[in-house]
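K.L.:
The NADP(+) binding site feature in TrEMBL is assigned to 40, 46. The FMN binding site annotation in TrEMBL covers 129, 130, 131, 249, 250, 302, 317, 318, 319, 320, 321, 343.
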Ligand SMILES: Cc1cc2nc3c(=O)[nH]c(=O)nc-3n(C[C@H](O)[C@H](O)[C@H](O)COP(=O)(O)O)c2cc1C
Ligand SMILES: C=C(O[C@@H]1CC(C(=O)O)=C[C@@H](OP(=O)(O)O)[C@H]1O)C(=O)O
């Protein structure tokens, strides 16, 4: 089982994650993980914090000589901004300074419900952990999951498909080609025309002191038939993916395959009809010979992967900290005020597409481990090969 916890405040010394479940014998380097950390930090529309941080991971346990040991893996990403916050975020009583308390709650952030729930009069005690800075280390966890999946030919790619109301059109090209288009794009979208308009939208929002949200899409290729299960609600892979995407800060909607569009379309046009061709049996990606001509299901039926490409989308709301003040109330004086901001992102949808990619990878890795087990990559590979053999004989 793949499980992990993250820890760390946004302006504390570091972000930490402990990951358990990766079998022994997986090749892993810090450089490989750093590629995703660099991607997450990029993307047009981010604020000045990203100029301070240079996220790089350190592997502090569970890896020896470039290979996993099967023991828990500790990942650390330092916060460079800590240098400006060491006393303000200090664990020591002698640094207490209530004059710097944040008492103004931002609408759309965790500030007010968090302060009330945890009995804090300083909103900083909430915002430090509710901040999406946490995703700096979650993406490192996701990079481990992606490395594990890659060992079995499974690839996970995230990108932006809508931003500030501008929709991207997907070209009819291979997954490999799409990956290249997204990699070359500052917004991680595959549509250069839409990207131009999206950048203009971000510039407009920036000039107005406003913020924007959008929609990200994650596609997973090489997923075998049979991950997840229909037999219990919490084993349904669609439900698990939805929870994973929804766990990203500011995500407010998830859809799989045709998603909400399926609700507006008659069944005859939604369900992917089933065909069989013996000549396809055993060809790459098709051990059984069963095939579909469409993929409105997004690779999942009954909470079980059906062998088609997995397609998950998530909707991100606009960033809640705005330079244009929103009305709110001081939590101590109860006086009305209009929120002021020192620093914030205008739009973090591109960064969030990398986060979505990694949370989906973690869920698929977990489902893959459940089905094929194994304490070493060699053992998992044997189990997987035997399952594929069974499917070919079906
Ligand atoms: C990559 C990323 C960057 C974010 N940057 C900011 C930011 O600069 N300012 C802000 O107020 N919220 C930002 N958010 C969103 C907040 O963290 C989020 O809205 C807040 O934690 C409240 O949670 P909720 O929106 O899920 O209810 C960001 C989210 C992500 C995923
Ligand atoms: C630090 C990151 O994102 C932060 C997420 C965030 C929030 O409220 O979620 C608020 C901002 O933090 P700060 O107030 O320090 O500028 C973002 O910069 C990051 O993505 O690494």
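Yeah, the Cβs are placed from backbone N, Cα and C, and that goes for glycine too.
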K.L.:
Cβ under 6 Å from an atom of ligand 2: which of these binding-site residues qualify? The list is 40, 46, 129, 131, 250, 319.
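P.N.:
Checked binding-site residues vs ligand 2; flagged 131.
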K.L.:
Kindly point out which of the binding-site residues 40, 46, 129 have a C-beta less than 6 Å from some atom of ligand 1.
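P.N.:
Correct list: empty, so none.
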K.L.:
Out of these binding-site residues, 250, 319, which one has the fewest other C-beta atoms within 10 Å of its own C-beta?
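P.N.:
Ranked by other Cβ atoms within 10 Å, the binding-site residues 250, 319 bottom out at 250.
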K.L.:
In whole Å, note down how far the CA of residue 46 (NADP(+) binding site) lies from the CA of residue 131 (FMN binding site).
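P.N.:
So the Cα of residue 46 (NADP(+) binding site) lies 14 Å away from that of residue 131 (FMN binding site).
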K.L.:
Taking only the residues the record lists as binding FMN, namely 129, 130, 131, 249, 250, 302, 317, 318, 319, 320, 321, 343, what is the largest Cα to Cα distance between any two of them, in Å to the nearest whole number?
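P.N.:
Looking at 129, 130, 131, 249, 250, 302, 317, 318, 319, 320, 321, 343 as a set, their Cα atoms extend up to 45 Å apart.
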K.L.:
Least buried of the binding-site residues 131, 321, going by other Cβ atoms within 10 Å?
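P.N.:
Per-residue Cβ counts within 10 Å for the binding-site residues 131, 321 bottom out at 131.
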K.L.:
Would you identify which of the binding-site residues 40, 46, 129, 317 has the most other C-beta atoms lying within 10 angstroms of its C-beta?
P.N.:
40
K.L.:
Reduce the DSSP letter at residue 46 (NADP(+) binding site) to three states and note it down.
P.N.:
coil
K.L.:
Reduce the DSSP letter at residue 129 (FMN binding site) to three states and note it down.
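P.N.:
For residue 129 (FMN binding site) - judged by DSSP and reduced to three states - the answer is helix.
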K.L.:
Residue 129 (FMN binding site) to residue 46 (NADP(+) binding site): how many Å between their Cα atoms?
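P.N.:
Distance (Cα to Cα, whole Å): 19 Å.
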K.L.:
Given residue 40 (NADP(+) binding site) and residue 317 (FMN binding site), what distance in Å do their CA atoms have, once rounded to a whole number?
P.N.:
18
K.L.:
Hey, how far is residue 250 (FMN binding site) from residue 46 (NADP(+) binding site), Cα to Cα, in Å?
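P.N.:
The Cα atom of residue 250 (FMN binding site) is 15 Å away from the Cα atom of residue 46 (NADP(+) binding site).
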K.L.:
Distance between residue 46 (NADP(+) binding site) and residue 319 (FMN binding site) at the Cα atoms, whole Å?
P.N.:
11
